[in-house]
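Following: one structure in structure tokens, then a few remarks.
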Amino acid sequence: MAFAVPLDDKDNMAELDTLDIIVLGAILLGTLAYFTKGTYWGVTKDPYANAFANANGAKAGKSRNIVEKMEESGKNCVIFYGSQTGTAEDYASRLAKEGKSRFGLETMVADLEEYDFENLDTFPSDKVAMFILATYGEGEPTDNAVDFYEFVTGEDAAFSESNDPALGNLNYVTFGLGNNTYEHYNSMVRNVDKAFTKFGAHRIGEAGEGDDGAGTMEEDFLAWKEPMWSALADKMGLQEREAVYEPVFGIVDRENLSVESPEVYLGEPNKMHLEGTAKGPFNAHNPYIAPIVESRELFSVKDRNCLHVDVDISGSKLSYQTGDHIAIWPTNAGDEVDRFLDILGLKEKRHNVISVKALEPTAKVPFPTPTTYDAIVRYHMEICAPVSRQFVSTLAAFAPNEEAKAEMVKLGSDKDYFHEKTIPHLFNIAGLLAKVSSGEKWTNIPFSAVIEGLNKLQPRYYSISSSSLVQPKKISITAVVENQMVPGREEPFRGVATNYLLALKQKQNGDPNPEAFGKTYELLGPRNKYDGIHVPVHVRHSNFKLPSDPSKPVIMIGPGTGVAPFRGFVQERAKQAQNGAPVGKTLLFFGCRKPEEDFMYENEWKEYKEALGDKFELVTAFSRQTSKKVYVQHRLQEYSKEVNELLSQKGFFYVCGDAANMAREVNAVLAKIIATERGVTEAKGEDIVKSMRSSNQYQEDVWS
């Protein structure tokens, strides 16, 4: 459409009023838009943009019907994962790659929380569903698996059709990730397997179980998957072929962009953070950049560090309850980033801008792009984690010489040899590659293989050591800095997050001799967005809670940093007492090495004693004060009579700390105390403790 003004009306143009001009202008703009399709002012969509434009990484309008999704994308194998720390997700990705490369399966990886399961009864019998399920805490599903778990194990699971049996068409595979130090070991995968069996589904192979408590998770997984593949091949008529690396992601150089380009991600977790408009909800997909208002050292010894850190959440809508966990989103130290980029021959290209494109429709790029090699390695990859034997096998084909290739093949295929050469030294991937090649660069490794083979850098969770009643907008963290010398390593093995916190603490306090390693952290964050001592966080709610009735007695066992949540518990009870509430007996068993070295919060306990009077008692166990080592479980035994009396009054029993030794021994001691004090057998004492656990009278917040 076009229009013209007649010549004889020229002189009348001056007489047009303002409204006429506005209308004419609008028509002109509309006409221009029609013919140009908006090319003069439209924003060109980045063809490589991914789901991280949304803070939660979700695509609007995405189907939640897995059967439809598989049909649309031509898939015949889906691998679901329920993951809390990323390991189950990693295993799912590895199975997907292996299924495709070895058996020609058309695989996809799926997050359980992104799909509904009422239509699982329509799952085609010529396809297979795999479920890789971690158990979290005391037998609970991981955050992303709650809805799935409650549906399939519920009494009233209602599927879309009236099949009998309901899931007679479903062929499935299961592997669980658990920790044998917990009572409900691998209960997630066991209960799901039981539910599927009840509904008539057909399991292929054994229901595998990995044990993090025994330190055998990786080998349990590798030992399980070989017979599983054999059983699956028989069931589906698959032919194994020589596995060849096929990239899941394509790497595209963006030569028109630089680190100065505003659309380039330099470590920001999503688009809102990139644009400086970050807002809630803050969660596992979207951290809050929180100011650290105070940080201090809790130990009085030179060779060990323990930090108290206070994080301010008043600028967010985050909230917490006493006993919850806080997640710290760490960055990798500069030293480790440099070492990693160097061994791959990428050091000179570290600030080159690239986009990462999924080469098949169901794959998800694990970080936002366009970005740089440096940002990916620094903010998004677990480059410091122990090496996976399966990943070593994958990388053998890209070795810089035949000698290195032969060594990688042997490491990947021989379990005992791999453990002998790698486990004692706690090698990360860069350390192992440098060792195998004597420092020669591994420039043949496709960067896509690195993205696929390494886990995403995960938040680290810490028990909150403050009371939400006392300080609702300030979260306290108590953390020992992991830093240990290991034979065969030139440098100590260092924890990623705790050394990050130490570096922040040293900067905040202007420490005169900060750790050289700590100084390599990018403390200012991407584009200086963490300036002023900030750290990315979110809160994870926990079931580790004080009784709702403050008059109930509580017994707490918390050696070392296991005392963290109990500082919050005692802080809360002291406040309740000051407010006039009747508070029950509060008995805390705390252990450390020596009172003059690592007696955490010593003066605070005295303040709480003043507020609570004889309602609070602190029982200490110092393991290095004398030649005889005394631990909290020994002191617990000494208090047998009082402990039994408090439990008889419906008191609550809490344990926090090391799962493998301390928590297990405390459990055994308590069973003996109950047996002795109540005149019953030890077996009966154990049954009573189990009953306490089932009713939440006995609660644990432990780690391996």
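Just so you know, glycine gets a Cβ as well, placed from its N, Cα and C.
Long-range Cβ proximity for S83 (FMN binding site), meaning a same-chain Cβ under 8 A and a gap of 6 or more residues, is found for E89, A92, I132, A134, T142, N144. Positions annotated as FMN binding site by TrEMBL: 83-88, 134-137, 177-186, D212.
For S623 (NADP(+) binding site), the same-chain residues 6+ apart in sequence whose C-beta sits under 8 angstroms from its C-beta are G591, C592, R593, K629, V630, Y631. Taken from TrEMBL, the feature NADP(+) binding site applies to R304, T561, S623, R624, K629, V630, Y631, V632, Q633, E665.
The annotation FAD binding site is assigned in TrEMBL to R460, Y461, Y462, S463, T478, A479, V480, G495, V496, A497, T498, W703. Residues near T478 (FAD binding site) in space but far in sequence (CB under 8 A, at least 6 apart, same chain), listed by position: L298, C306, L307, H308, Y462, S463, S465, T561, V563, A564, R567, M600.
Positions annotated as domain 'Flavodoxin-like' by TrEMBL: 77-229.
According to TrEMBL, the feature domain 'FAD-binding FR-type' maps to 285-547.
When the Cα atoms are compared, N179 (FMN binding site) and V496 (FAD binding site) turn out to be 22 Å apart. Of all the binding-site residues listed (V480, V496), V480 has the fewest other CB atoms within 10 A of its CB. Of the residues the record lists as binding NADP(+), namely R304, T561, S623, R624, K629, V630, Y631, V632, Q633, E665, the two whose Cα atoms sit farthest apart are 26 Å from each other.
The maximal spread of the FAD binding site, taken as the longest Cα to Cα distance among R460, Y461, Y462, S463, T478, A479, V480, G495, V496, A497, T498, W703, is 17 Å.
Fewest Cβ neighbours within 10 Å among the binding-site residues Y182, Y185, Y462: that distinction goes to Y185.
Here Q633 (NADP(+) binding site) is compared against the binding-site residues G86, R460, V496, and the shortest C-alpha distance is to R460. Cβ environment of T498 (FAD binding site): L307, R460, A479, V480, V481, E482 lie under 8 Å away, each six or more residues apart in the same chain.
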